[in-house]
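Asks: Not my notes, these are from TrEMBL:
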DOMAIN    117-182  domain 'HTH luxR-type'
TRANSMEM  30-50  transmembrane segment
TRANSMEM  70-90  transmembrane segment
Amino acid sequence: MEYRRIAAPAEVKAAPKPKSGSKSAWRNHVAALQSIVIFQVFCTVLFLGKTLSDLLGIPLYFLPWSVLETIELLAALGMLLGVISGMLLFREGHKRMMEAERRMNAAAGEFHEHLLSQFDEWELTPTEKDIALYVVKGFSNLEIASLRGTTESTVKSQVSAIFRKSGVNSRQQLATWAVEDLIEALTPTTEPDSAEQV
């Protein structure tokens, strides 16, 4: 038996496509960080060389005093850049984490609204809608009965009514429908290129 499906409701918007400008900015950001790391490695090698020469008592007569001072200055500059880049990375990581959390919350809200819209199409009662949500989340009849304070047989009959109205044959099929519709609702649609239309 084929279960009934409807198109995603208008409220469920497709996930926005990443802008090319943001990709370019991110590549520039990564390139800048790579340059800083290379500079830090160079400064670290110079500083370690000078420090080891001091510890081992190896004089560096072939290097002018100004060069030795420059090495120490570069080492300090490298450490400063390390602190700055670390702060920038932390801020960028926190920003991306908050954006991902915002998108997840938005997707969860859209998913819930989409399910309720489909339940209305199936003409489920308020009680059947609640139970259908539990079924989609993977709860068993016994668990649903415990949560709702009713008997397992009552839940079983209500689940059967949900299957009959929706046209699905099992709990797995209902959960699969929910996931498939969520993916369809959040998948951006791309326009074919002019070369492909020929």
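The backbone N, Cα and C atoms fix where each Cβ goes, and this holds for glycine too.
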Asks: Report, as numbers and ranges, which residues of the same chain sit near the transmembrane segment (70-90): CB under 8 Å and 6 or more residues beyond its ends.
Replies: 33, 36-37, 39-40, 42-44, 46-47, 49-50
Asks: What counts of helix, strand and coil residues does DSSP assign across the domain 'HTH luxR-type' (117-182)?
Replies: 52 helix, 0 strand, 14 coil
Asks: Over the domain 'HTH luxR-type' (117-182), what is the model's mean pLDDT?
Replies: 88
